[in-house]
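**Student:** Straight from TrEMBL, here's the annotation block:
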type	residues	note
TRANSMEM	26-44	transmembrane segment
TRANSMEM	117-135	transmembrane segment
TRANSMEM	155-175	transmembrane segment
TRANSMEM	187-210	transmembrane segment
TRANSMEM	222-246	transmembrane segment
TRANSMEM	258-279	transmembrane segment
Amino acid sequence: MVPAVCEEANNPFGDPSVCSLLARPYASLSLAMGGILIWSYVFGMMRLYTNEGTENDTPSETVAVSSTELAVLPSTNAHTISMHPTPFDAKIVKMSAWKKIMQQMKTISKKVDLKKVFAPTAVAAIVGFIIGIVSPIRKLMIGNKAPLRVIDSTAYMFGEAAIPCMTLIMGANLLRGLKGSEVSRSVIIGIIAVRSILLPALGIGVVMAARNWGLIGSENKLYQFVLMLQFAVPPAMAVGTMTQFFQLGQCETSVIMLWTYVVAAFSLTLWSTFFMWILA
C-alpha cells in the first residue's frame, strides 16, 4: 500500500522515485517488527491460556532461592571483631552483592523458557531481520549476483506458499464460525470500534508527540505516515493460524477477523486519506 501511494504523481511525500525507494524499507521494517511481536508476545499469551488448566509450578525453586539468599547474607549472630570496616570486609560485601545478582539471573533464566517465548516463526523473523541489517551477510544472500541467493529464493518460495495455507485455515474456521459462534454482536462492535476508531486516533497522538519531542524527524513525512498506518491496519491473519495450532477459539477468531476486515476496507481508506491530509 505504501509503495503504491508513492507512485502517485501528486503524493504528499515528495519525489515519487525517492519515495518509492524509501517506502519498501519502511514497510518491510514495520512488517518484520510486527511479525516478531506477534509470534513472541501474542503466541506466548495464547500458549498461556491453553495451559491455564495445568497445575501450577511448585514453589520449591522459590524456597531454594530464598534459602540461598539468606546463606549469602552475613549472619546476624556473628560477632563483630572490629568496629571499623576493613578492605577485606569491603571485598566480602562486593562478592556477596555479585553472588546475589548472579543468583537472581539464574533464577530468571530458569523461570523463563525461551523455547516457549520465541516460536520458530519469531526466530525466523529475527534471523531475517539480522540478515537485512548486516551488510556483509545481506550481500551474500540477497541480490541477483549474491553467491548464496538460493537461500533467499527458497525462503521466498516457502513464504509465498504459506499465504494460501493461512487463507485456507481462516476460511475453514470461518465456515464453522458462521454456522454457530458464541461471540455476541456487542463484542464484535466493541472490537471494531476500538480497532477502527480509537487506535488510529491514538496513533495520531503518539506520532505527533514523538515528533514534538524530537524522536522522529519532522521532515520525514513518509516515516510518520507508516507509523500512523500501523495503528489503522486490521489484525494480522497469523492470529488465526495460532488459534488453529492451539485449538483455542478458532470459530470466534474467524468471525471477528471477518468483520474487522470488512470494516477495514472502508476505515483504512478514510484514515489513510486523513493521515496524508495531516502530514501534507
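Backbone N, Cα and C define each Cβ position, glycine as well.
What TrEMBL says about a protein is an automatic prediction, not a curated fact.
Buried or exposed, and what's around them? Tell me for each listed feature.
**Tutor:** Long-range Cβ contacts of the transmembrane segment (26-44) within its own chain (Cβ-Cβ under 8 Å, at least 6 residues beyond either end) map to 1-3, 116-119, 121-122, 125-126, 128-129, 132, 222-223, 226-227, 229-230, 236, 238-239, 242.
Same-chain residues lying 6 or more positions outside the transmembrane segment (155-175) and placing a CB less than 8 Å from one of its CB atoms are 128, 237-238, 240-241, 243-244, 250-251, 253-255, 257-258.
Here the transmembrane segment (187-210) has long-range neighbours at 216, 224, 227-228, 230-232, 234-235, 255-256, 259-260, 263-264, 267, 271, 275, 278, meaning same-chain residues at least 6 beyond its ends whose C-beta is under 8 angstroms from one of its own.
Cβ atoms under 8 Å from those of the transmembrane segment (222-246) belong to residues 1-2, 5-6, 13-14, 19, 22-23, 26-27, 30, 34-35, 38-39, 42-43, 46-47, 49-50, 121, 166-167, 169-170, 173, 195-196, 199-200, 202-204, 206-207, 210-211, 216, 253-254, 256-257, 260-261, 264, 267-268, 271-272, 275-276, 279 of the same chain, restricted to positions at least 6 beyond its ends.
Only residues 6 or more beyond the boundaries of the transmembrane segment (258-279), in the same chain, are considered here, and those with a CB under 8 A from a CB of the stretch are 1, 5, 11-13, 174, 177, 188, 191-192, 195-197, 200, 204, 221, 224-225, 228-229, 232-235.
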